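Asks: According to TrEMBL, the transmembrane segment annotation covers 73-94, 100-119, 170-196, 230-250, 262-282, 318-338, 350-367, 387-407, 414-433, 445-472. Residues or ranges marked as domain 'STAS' by TrEMBL: 500-668.
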Amino acid sequence: MMRPGAKQYVVARPLYSEESFTEEYQKVYRHRKTKMDLIKQYFTCDAKRAKNAALSLLPVIGWIKIYRIKEWLLSDIVSGVSTGLVAVLQGLAYCLLANLPAWYGLFSAFFPVIIYFFLGTSRHISVGPFPVLCLMIGSVVNRLVPSEEGLPALVNITAFKGLNLYEQRVLVASSVTFLAGIMQLAMGIFQVGFVVMYLSDTLVSGFTTAAAIHILVSQLKFVLGLPVRVRLHGFLNLISLVIMVVVFIVKEINDRFKSKLPVPIPIEVIMTVIACGVSYAFDFKTKYGIDVVGHIPQGYEPPMAPDLEIFEHTIMEAFPMAIVGFAVAFSVAKVYSVKHDYTIDGNQELIAFGFSNIFGASFKSFAASTALSRSAVQESTGGKTQVAGLLSAIIVMIVTFALGFLLDPLPKSVLGAVVIVNLKGMLMQFRDIPYLWRRDTPDCVVWIVTCAASVVLGLDLGLAVGVGVELISVILRTQFPRCCVLANINGTDIYKDRKDYFDIYEPEGVKIFRIPSPIFFANIEFFRNKLVEALGFNPLRVLRKRNKALRTIRKLLKKGDLQWTSVSFLNTSFGPIKESEDESNMEDLDLVDLHSLILDFAAVSFLDISALKGLKTILKELIRVEVEVYIVACDTYVLEKLHRCCFFDDEIEPSMFFLTLHDAMLHILEKHPESIKKKFDYKKVKKTRQIVFI
């Protein structure tokens with residue numbers, strides 16, 4: 001029943017097969033570029049392409065031309081100062097995860113930001129230390145340069161000679177960062193940013209949650225004052241817990257009332273200032289043995305070349321760092337680009353982060369990405385462009401050159417508390433599990449396996465396991481798609497799954513089968529089995545039985561037991577027919593009550609060679625048992641591939657392809673009008689003296 005007032009459309013057109021449509025409507029000829037054409041085009045340069053390349057490699061040119069000084073500058077200044085203060089604190093805090101002296105975190109909050117200002121396409125992310133990357137770097141540093149406790153080094157590196165412990169660690173961290181930057185730059189230059197698309201939001205969520213667990217465990221020693229041996233400081237350790245609670249509560253207030261607050265309350269900075277003052281006033285380091293940040297050297301150290309020998313020992317860790325750093329930054333950048341209506345370029349982002357890490361590593365900073373909380377500060381405080389990021393880097397530079405001494409008495413337990421509080425967003429991702437389980441169980445499995453593997457096996461192997469499980473889930477979904485039999489919705493040209501609707505129409509002797517995925521070597525057998533299940537008979541079995549029956553007839557004719565009449569074979573022997581294996585096979589002969597099959601290829605995006613061979617075999621079996629097969633809504637490129645691969649012959653003809661499902665159905669009803677009137681009456685012959693073959 002059509003609802004009252006529903007809009008209608010009426011179309012009068014001829015019935016089209018693919019051949020008839022092509023004959024009536026001429027296609028536009030498009031020259032397909034060869035690989036050599038693409039190579040020539042890639043290396044060809046003219047003025048226009050040079051201009052586009054410059055704008056692409058230096059996105060700052062694009063947005064600086066439209067910069068609204070009166071409207072945006074003040075917002076960028078406020079945002080830059082706020083973000084800079086947070087970047088200073090997080091740079092010091094996250095450096096603990098990398099097992100490096102705290103002030104090297106200030107380097108990572110400065111050098112990569114300068115490069116990203118010119119090369120990055122996102123206007124809102126805050127580039128700098130990211131806790132997950134810091135933890136991954138820390139694991140490499142610990143492996144190559146064990147802690148002060150006298151553990152032997154696993155490898156002997158020539159460049160370590162003459163360097164103290166911290167210098168060795170800085171060399172390892174900067175070298176692995178340099179290598180990760182080279183990998184990111186190479187991926188950007190060769191336009192393989194799509195690799196990161198294999199890291200789904202679900203996988204990244206599970207991975208970062210596991211990283212948050214690692215970070216939480218690693219920071220408890222600072223928060224509880226357990227750096228070497230079990231040694232609690234009573235009330236003083238309680239300070240860290242109080243700081244965590246206060247920072248957490250104020251951050252919740254910032255989130256809840258962000259629409260009413262002009263800028264978020266910089267509670268981390270406030271608590272840091274208070275902690276520094278109290279620590280200085282009561283001399284925590286001398287009187288109570290509290291571990292503090294200590295002396296922060298003024299200025300920057302001279303550039304340093306990476307060590308090639310370290311490259312050999314860290315290449316396996318550098319690759320996941322390059323992927324994770326870019327994936328997280330790109331995910332955050334996408335969110336803000338959609339919110340503020342501009343585009344970002346994945347390959348250019350790889351180039352930007354590659355150069356940022358290469359340049360930063362030369363000045364002893366470690367791998368940069370973006371911290372979610374810091375980017376949120378930059379955007380929520382009114383940041384419009386990367387001018388805010390540049391100003392935040394200037395704030396970091398001022399602290400490094402002039403104000404660093406004020407942070408000398410800062411207890412490391414406070415930095416640990418800051419790190420833990422900023423893990424809230426990642427740890428709260430555990431709430432995704434029930435939602436994923438209800439909505440998409442395979443995605444939930446990917447999340448759980450990735451998280452568990454990253455916790456148990458480590459972040460690098462855990463990421464590899466997660467990617468493997470994710471690819472397996474995609475393969476399984478493609479290999480075992482939900483095939484269905486379609487039926488016509490009465491009074492329309494719409495066809496839906498017959499199990500989902502009541503008011504449907506199914507002409508007798510016609511089946512419509514749909515496979516909603518590409519057909520390839522891994523699922524062609526599944527496709528065949530599902531098709532046989534939908535048909536209710538196996539065409540190969542029917543064909544074999546018919547051939548066996550024909551051999552039996554020839555044998556009986558040869559013996560003279562059968563004679564050909566005008567309508568049938570007549571058994572000339574008298575008396576009851578003896579039971580024999582041949583006769584029982586004839587009596588068990590399958591008779592097909594189907595004359596037409598429509599295959600809906602609307603969702604079939606490609607077929608490989610194995611699928612072509614398998615499909616051709618299936619079609620021939622059906623045609624030989626007198627079932628007409630029609631393929632509808634086939635993609636143009638799939639159809640072209642069928643022609644190129646000599647798919648068609650005397651049995652399988654291009655005329656079986658129709659433009660739409662309804663075109664094929666109308667063609668069948670016109671060819672078989674009895675399908676509309678009544679059900680076919682196929683007689684199965686039991687034990688009689690006359691055998692009729694229809």
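Backbone N, Cα and C define each Cβ position, glycine as well.
Give me the local environment of each listed feature.
Replies: If you look at the transmembrane segment (73-94), the same-chain residues 6 or more away from its ends with a CB under 8 A from one of its CBs are 102-103, 105-106, 108-109, 126, 128-131, 134, 263-264, 266, 268-269, 272, 293, 371, 373-374, 377-379, 381-385, 387-396, 399, 407, 410, 415-416, 418-419, 422.
The list of residues near the transmembrane segment (100-119) in space but at least 6 beyond its ends in sequence, with Cβ under 8 angstroms from a Cβ of it, reads 57-60, 87-88, 90-94, 126-129, 141, 166, 169-170, 173, 293-294, 296-297, 300, 348, 351-353, 355-357, 359-360, 363-368, 386, 389-390, 392-393, 396-397, 399-400, 404, 412, 415.
If one looks beyond the transmembrane segment (262-282) by at least 6 residues along the same chain, the residues whose Cβ comes under 8 Å of a Cβ in the stretch are 78, 82, 85-86, 89, 239, 243, 246-247, 250-251, 253-254, 288, 290, 292, 377, 380-382, 406-407, 409-411, 414, 418, 421.
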Asks: Would you kindly check 170-196, 350-367, 414-433, 445-472 and say which stretch has the most C-beta pairs under 8 angstroms to the transmembrane segment (318-338)?
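Replies: Comparing 170-196, 350-367, 414-433, 445-472: 170-196 has the most Cβ pairs near the transmembrane segment (318-338).
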Asks: Give the nonlocal contacts of the transmembrane segment (414-433) in its own chain as ranges (CB under 8 Å, at least six residues past its ends).
Replies: 89-90, 92-94, 96-97, 102, 131, 202, 205-206, 208-209, 211-213, 215-216, 219-223, 239-241, 243-244, 247-248, 251, 268, 271-272, 275, 293, 371-373, 444, 447-448
Asks: What stretch, picked from 170-196, 387-407, 445-472, has the most CB pairs under 8 A with the transmembrane segment (350-367)?
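Replies: Per the Cβ count, the answer is 170-196.
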Asks: Restricting to the domain 'STAS' (500-668), what is the model's mean pLDDT?
Replies: 83
